[in-house]
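Over in Swiss-Prot, the protein carries these features:
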- Gly19, Arg22, Arg102, Arg148, Arg151: ATP binding site (BINDING)
- Gly19, Arg22, Arg102, Arg148, Arg151: CTP binding site (BINDING)
- Asp32, Asp34: Mg(2+) binding site (BINDING)
Amino acid sequence: MSRADDPGVAGLQVYIVGGAVRDGLLGLPAGDRDWVVVGATPEDMARRGFIPVGGDFPVFLHPRTKEEYALARTERKSGRGYKGFTFYTGADVTLEQDLQRRDLTVNAIARTPQGELVDPLDGVADVRARVLRHVGEAFAEDPVRILRLGRFAARFGDFSIAPETMQLCRRMVEAGEADALVPERVWKEVSRGLMAQAPSRMLDVLARAGALARVMPELHDDAAVRAEIDRAAAAGLPLAGRYALLCRHTPERDALGRRLRAPVECMDQARLLPLAVDALAASATPAAQLDLIERCDALRKPERFDALLQAAAIVAPVDLSAWRARVQAVRAIDAGAIARQCAGDPARIKPALRQARLQALGGA
């Protein structure tokens, strides 16, 4: 059933907005669709069976499709940071007013259920020109938009950033707006940027705006870091590996992880990757191989070790098959049998187990 003949929205003015419209114009696969409703009230939506899920402003789930429908709204700055907003969602808010509050022109295009575009801010022209441009001066009211700009630059590698948009970001940082960002919002955007096709562009945007030193002051950012995270993206590494490579040259990586409140898996890989890279350079002997396996807890966490090796392979040649065979060879050693052989002399167990593992590696 198309949205044009959906009884759930019959009589309502509904439009697809944001990323789904933008990506459709770019010929990219459509993700989740977001809808805006013009001329309705929360009571209207409730009568139709829509399920309210919004916190700060009215957002509803369609009773059948579970897609999100938000009432058209305007925003007014009422405090510092990304939470300092007052919203108005009256039935008199127009579609154009709703689009005007959005961040970038490419995200401020609407489409009717019949496929007609509504583009009061010339977003289609910017999509065609491959330009990321802020909608208006209200962009400066939300510092998260600096991070989002970096993420979009990482995702759309062939898009440039309008000079006036970069200038506005710099003014925002100079005004202290970036200092109001909370870790959860920074991590949300940074992690999504790392998972984009060109993560280095996110760092470039944040650095040029002056925001990188504010939101990630511990990070050591240079050409090597940027090249490595881009190679990680090309190789399809998961987030933990990309984050570990981001932090590889950062001495204060633990402090950075705590600041961002990064997931434990990401912080673990960031901590272990330098050890792995250093050890791999000198891992010709079974003793060096075993030290790396044990220090990385590869026997208990083989999947994490495998992911770690894949991240290390971005930096230096790694024979993944050989390392997997080594881990399996060490895991095959029966520690219980060795303990029984050393019954009565517990001090012999640890060296005997190590010797057995070294012998196994010698034949792996």
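Along the chain as shown, the residues are counted starting at 1.
Cβ from N, Cα, C; glycine included.
Overlay of Swiss-Prot feature records on the structure.
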residue : record              : CB count, 10 Å
Gly19   : ATP binding site    : 17
Arg22   : ATP binding site    : 22
Asp32   : Mg(2+) binding site : 10
Asp34   : Mg(2+) binding site : 17
Arg102  : ATP binding site    : 22
Arg148  : ATP binding site    : 21
Arg151  : ATP binding site    : 24
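Per the record's binding annotation for ATP, residues Gly19, Arg22, Arg102, Arg148, Arg151 show a top Cα-Cα distance of 16 Å.
Apart from Gly19, Arg22, Arg102, Arg148, Arg151, the residues listed for ATP, the same chain places the Cβ atoms of Gly18, Asp103, Leu104, Val106, Asn107, Phe152 within 8 Å of the centroid of those Cβ atoms.
DSSP assigns Asp34 (Mg(2+) binding site) to a strand in the three-state reduction. DSSP gives Arg102 (ATP binding site) a coil state; it is part of no helix or strand. Across the structure, Asp32 (Mg(2+) binding site) and Arg22 (ATP binding site) are spaced 12 Å apart at their Cα atoms. Per Cα geometry, Gly19 is the residue among the binding-site residues Gly19, Arg22, Arg102, Arg148 nearest to Asp34 (Mg(2+) binding site).
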